[in-house]
Every structure is written in C-alpha cells, then in structure tokens.
Amino acid sequence: RMDQALLLVRNELPAPGLNLAARSGACHQCLYQFLAFVPPSNESLRNPGTASVMVDTQHPLTLLLNSSVGDRDLCKIQYHFGEFGNYSLVVKTLSTSTQNVSCDLVISEGPINTYLPILFAFLVYMGILAILIAGRLLMKIDPVRNWVYKKLDPRATDRMINSELGSPNTTESINCDPTPNQWSTASRRRLHSLDTFRGLSLVIMVFVNYGGGKYWFFKHESWNGKLHFPSALFSRFVFIMGTSIALALGSMLRWGSSKWKVLRKILWRTFVLILLGIIVVNPNYCLGPLSWDNLRIPGVLQRLGFTYLVVAALELLFTRADSGTWEGRFPALQDILPYWPQWIFILVLEAIWLCLTFLLPVPDCPRGYIGPGGIGDFGRYPNCTGGAAGYIDRLLLGEKHMYQHPSSAVIYQTTMPYDPEGILGTINSIVMAFLGLQAGKITLSYKDQHKQIMSRFVIWGIVMGIISAILTKCSKEEGFIPINKNLWSISYVTTTACFAFILLLLIYYLVDVKKWWSGAPFLYPGMNSILVYIGHQVFANYFPFKWKMQDSQSHAEHLIQNLTATTLWVIISYVLYRRRIFWKI
C-alpha cells in the first residue's frame with residue numbers, strides 16, 4: 001500500500017524463534033511496537049523460518065530483533081525504507097563456533113521515486129506561469145495589442161482609438177480637484193499584499209485539506225515538530241485576520257460609524273462564523289439526521305469567530321477615529337505605547353494559558369504534562385493526551401463533542417479524543433491575531449512610509465524568532481515549550497508569527513511598494529476567503545473536485561486530483577473577482 005514497503009525476515013537460527021518490533025523515528029520516547037513472530041529454522045539452513053510484514057516508509061524506523069524466550073536483544077537496525085520497496089532481513093550466526101548473530105538487510109526490489117509527480121507538477125505550473133508572463137509582456141507591444149483587440153472585438157478598436165485621441169468622457173470632471181467619488185476611492189485604497197497573503201495561505205490550506213497528494217510532509221505533525229507548510233497555515237490565516245481588523249475598524253470609524261454600530265457588526269459576524277463552522281465540521285449529508293449527542297463543537301471557523309470577537313472588541317475599545325501622529329515621548333513606539341492596556345490584557349491572557357497548562361492538576365497525569373500520551377513517554381501516560389488542554393475540553397465539552405481522530409493517533413496510537421481547535425488553545429490564537437493586529441497598526445501609523453513599515457516588520461520578525469529560540473532551545477523536543485500546533489503552544493505562536501512578519505514583508509514589498517507583482521493568482525481567493533474555505537469543505541466529495549481513481553495507492557493520481565480541485569477554486573475566485581462578487585459577512 002501507499003507509504004509502505006514489504007519486509008521479509010529470514011531466520012536461520014534454531015529455536016526458540018524471534019520477535020520483531022519497530023519504533024518510528026518520528027515517535028519521541030516511544031515503546032517498540034510488536035510486528036511479527038519469526039519461527040526458528042528447522043535445523044536445516046535450506047528451510048529457514050520466515051515472516052513477512054509491511055513497514056512504514058514515511059519516517060526512519062528502528063527495528064529490534066530479540067529472542068522470544070528470555071527477551072535477549074539480538075540486533076537493532078535503523079533504516080529508512082522506500083515506498084513499494086521489497087526488502088529481506090537475514091538473521092544468522094557468523095559461525096557455528098560463536099554465538100555472534102548478524103542481521104543483514106538486503107534490497108530485493110528497489111523502491112519507486114514517489115517525488116517525481118511533484119517535480120512534474122511544478123514544471124507544469126511553471127510552464128503555465130511562463131506563458132502568462134510572456135502573454136502579458138506581448139500585450140504591452142502596441143501592434144500586438146491592437147491586433148488582439150481587433151480579433152476579439154472590432155468595436156474595441158474604436159473605443160481604444162477614441163480613448164487615445166482623448167474623446168470626451170462623461171465621468172471626467174473639468175475641475176482639477178478630485179470628485180468626492182474619486183477621493184473616496186483613493187482614500188479606501190486596498191492593500192493588495194494583505195489579500196495576497198491571505199490567498200496564498202488559503203490556497204495551500206485547500207490543497208492540504210484535500211489530501212496534499214497523500215504525501216506525509218503535507219500532513220500535520222503528530223505532536224511536537226518542526227514547522228512546515230500545513231502546521232503554519234491556520235496560524236497565518238489568524239495573523240492576517242488580525243491585520244485586517246486594524247485596517248477595517250479604523251476605516252469604519254473614520255467614515256463616521258459609531259462604536260456601537262461597529263460592535264453590533266462584530267457580534268453578528270462572530271455569530272455567523274461560529275454557526276457556519278458548526279455546520280461545516282458536522283456534515284451529515286447522506287447519514288440521516290445529525291445527532292446532538294456527537295455534535296463536534298470546536299472547529300476552524302469557530303475559533304476564527306471567537307478570536308475575531310475578542311481581538312476586534314479589544315481594538316474597538318481603544319482605537320481612535322483620527323489617524324494623526326501620536327504626540328508622545330517616544331514617537332518610534334507610536335504603534336505600541338498608545339495601546340498599552342491592550343498589551344496588558346494580552347499578557348494576562350498568556351499568563352492564564354501558562355498557569356492552566358503547567359499548574360492545573362489533571363487526574364492520573366503529571367502536573368504540567370504537554371505530551372501526546374499513547375505510547376509516547378514510554379507508555380507511562382497513555383490517557384493524558386494534551387495534558388490540561390485535553391482535560392479542559394473533555395470536562396467542559398464532553399468527549400463526544402470533540403475531534404475523534406487527532407493526528408497523534410497515527411504515530412503515538414492515542415485512544416483519547418483530542419481537539420486541536422479546543423478551548424485552551426484559543427487563548428494563544430487570540431495572541432496570534434493580536435500580533436497580526438500589530439502589523440496592521442504599523443501600516444496605519446506609518447502610512448505610505450514604506451521603509452518604516454518594512455523595517456518594523458523585520459524587527460518584529462527578529463524579536464519573535466529570538467523568543468522562539470529561547471522557548472524551544474532550538475530543538476524539537478528538549479525546549480522549555482516545544483513547537484506544537486495541536487496545543488497552539490506559545491512557541492508555536494511566536495515561531496509562526498516570525499515567519500508571518502517576514503512573509504508579509506516580502507509580499508508587501510513586491511505587491512504594494514514596487515508593484516512588480518499584482519498578487520495574482522492568490523489575490524482572487526484572498527478577496528473571497530470565506531466563500532472559498534466553506535465551498536471547498538462542502539463540495540470536497542463532489543465532482544469535479546473528486547472522482548473515482550484507477551489506482552487509489554498512487555501519489556500521482558492523488559496529486560492530480562488535489563491540484564485540480566485547488567486550481568478550480570482559484571479559477572472560481574477569479575471569475576467572481578471579475579464579476580465583482582465578494583461574499584462578506
């Protein structure tokens with residue numbers, strides 16, 4: 001099967017036989033898991049005992065062979081098996097006069113290269129991009145542009161000639177002063193870098209949710225782990241939501257909306273997001289009426305909704321309708337010092353998270369435990385998945401109202417339900433959105449001062465990186481607080497915020513400062529993010545987003561299907577953009 005290899009163990013030793021166990025390299029401090037019993041040789045080397053097992057190819061494995069009697073370890077082998085490979089492990093004595101045992105791993109049939117489909121897909125998309133860029137450059141050549149317009153629509157040629165000759169336009173004003181409508185448009189000029197940032201995160205999120213070609217590196221880490229695309233997507237979405245809050249609230253207040261009116265809009269949007277989230281995470285289209293007994297309460301949109309409520313209300317409480325320069329002792333901190341009550345609130349929230357995580361007593365679990373449970377930590381705490389975070393969810397929500405298939409169940413073989421969008425982690429998602437809010441305040445405080453904005457993005461990225469290095473000790477498992485997406489640990493927040501500031505800096509420079517990039521194609525889904533996210537969830541199992549495969553064990557087929565579905569949502573968002581259709585809540 002996919003992500004598996006065949007291992008044939010040949011035992012040329014006499015009785016009593018061997019036990020084969022394995023441990024994944026991605027499983028921290030895990031117990032060895034029994035794979036197979038290998039019968040002994042029948043006193044003749046021509047007829048050794050054999051056993052065949054399927055082994056995982058996603059991560060390196062440590063194989064352990066020991067005697068079935070006496071539990072004596074005979075050999076230990078570390079190896080990263082290749083997908084669809086065929087391997088033989090031959091166990092024999094080096095000579096009849098000694099008891100030394102040799103374990104030789106032989107490749108009977110080589111594995112396949114499962115990464116070629118990714119390379120091919122990359123080349124295809126790069127080819128499409130090259131064609132589009134070439135077409136855009138050609139359209140800047142007057143003869144080519146005129147010929148294309150003439151072929152597409154002869155009347156367009158007349159319009160183009162009239163416009164070049166300066167024919168009168170009823171919308172133009174003789175007065176040199178801008179009309180109120182033009183002034184309004186200029187004042188509300190949208191930062192395309194924010195939509196591009198949001199759209200980039202959303203497109204990758206859609207691809208990952210659709211399966212990511214079934215590649216292991218497009219899946220979330222089982223527990224603690226290095227940061228890669230899937231683990232950082234949701235946090236980047238939360239980050240840019242905070243940035244948008246700063247810009248949107250400031251704009252509404254400057255245009256005369258009262259704070260009570262804005263608050264009502266915040267409450268309504270929160271209600272709609274949470275309601276849509278509950279509907280999306282509990283699809284029951286073909287299974288009859290949904291039972292309230294096992295309704296999942298937390299979810300992505302629910303967390304976004306609650307995070308939005310807290311951060312938007314906090315900003316509304318302390319924001320100013322005027323956007324003038326702050327008159328204070330430290331003008332370089334004009335995006336921080338005027339909002340010191342907000343920072344106190346956020347620091348108090350973080351103190352609550354730390355106290356609950358590391359001081360709350362959890363039945364049958366050590367205080368401050370933040371491990372995965374299951375077979376992790378050598379199986380000492382099998383029912384302690386997530387420590388205080390899991391306990392609070394089970395206590396307040398109930399086990400049946402949580403996510404039943406957490407990522408920790410795959411490698412750590414946990415049996416307890418655990419929700420990665422649970423209650424305690426929402427505190428740190430608020431912190432993440434607040435850091436995004438800070439990015440929005442920077443763009444407002446230093447409006448049109450590109451160097452100031454970019455330098456502050458760099459400073460914030462460095463500060464977040466330093467905090468992450470201290471909390472994690474630059475290690476995967478040995479830090480004070482490891483990076484953990486399931487827990488939304490504070491080190492996860494600071495690390496993803498570091499990369500979010502740097503990524504926003506790059507996109508802002510390319511899109512809004514130099515204007516070298518329009519933001520396409522990510523700009524389009526970024527401007528219709530709610531529609532794309534809900535749509536890709538609702539229609540995930542419908543054609544043309546999914547179809548029956550000829551070979552369900554092929555990464556290539558899964559990759560084609562997932563890329564096709566993701567590309568379709570980009571095309572849909574582009575069509576909606578061209579028709580000026582935007583779904584806002």
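Cβ atoms are placed via backbone N, Cα and C, with glycine included.
Per TrEMBL, domain 'Heparan-alpha-glucosaminide N-acetyltransferase catalytic' is recorded for 190-311. Summarising the annotation, TrEMBL assigns transmembrane segment to 115-135, 197-217, 237-255, 267-285, 300-318, 339-360, 422-441, 453-471, 491-510, 522-539, 559-577.
Sequence-distant residue pairs (6 or more apart) of the transmembrane segment (522-539) and the transmembrane segment (197-217) include at least 3 whose Cβ atoms are under 8 Å, placing the two stretches in contact. Looking at which of 197-217, 300-318, 491-510 has the most CB pairs under 8 Å to the transmembrane segment (422-441), the answer is the stretch 300-318. Counting residues 6+ beyond its ends, the transmembrane segment (237-255) has Cβ neighbours under 8 Å at 188, 191, 194, 197-198, 201-202, 205, 262, 303-304, 307-308, 311-312, 315-316, 319-323, 429, 432-441, 443-444, 496-497, 500, 504, 529 in the same chain. Of the recorded ranges 267-285, 300-318, 491-510, 559-577, the transmembrane segment (197-217) has the largest number of C-beta contacts under 8 angstroms with 559-577. Among residues of the same chain six or more beyond the transmembrane segment (115-135), those with a C-beta under 8 A of the stretch's C-beta atoms are 213, 215, 555-556, 559-560, 563.
Note on the domain 'Heparan-alpha-glucosaminide N-acetyltransferase catalytic' (190-311): DSSP counts are 88 helix, 0 strand, 34 coil. For the transmembrane segment (559-577), the list of distant contacts is 117-118, 121, 199, 203, 206-207, 210-215, 521-525, 527-528, 531-532, 535-536, 540, 544-547, 549: same-chain residues at least six beyond its ends, Cβ to Cβ under 8 Å.
When Cβ distances are compared across the two stretches, the transmembrane segment (453-471) makes no contact with the transmembrane segment (267-285), since fewer than 3 pairs at least 6 residues apart fall below 8 angstroms. Over the domain 'Heparan-alpha-glucosaminide N-acetyltransferase catalytic' (190-311), the average per-residue pLDDT in this prediction is 88.
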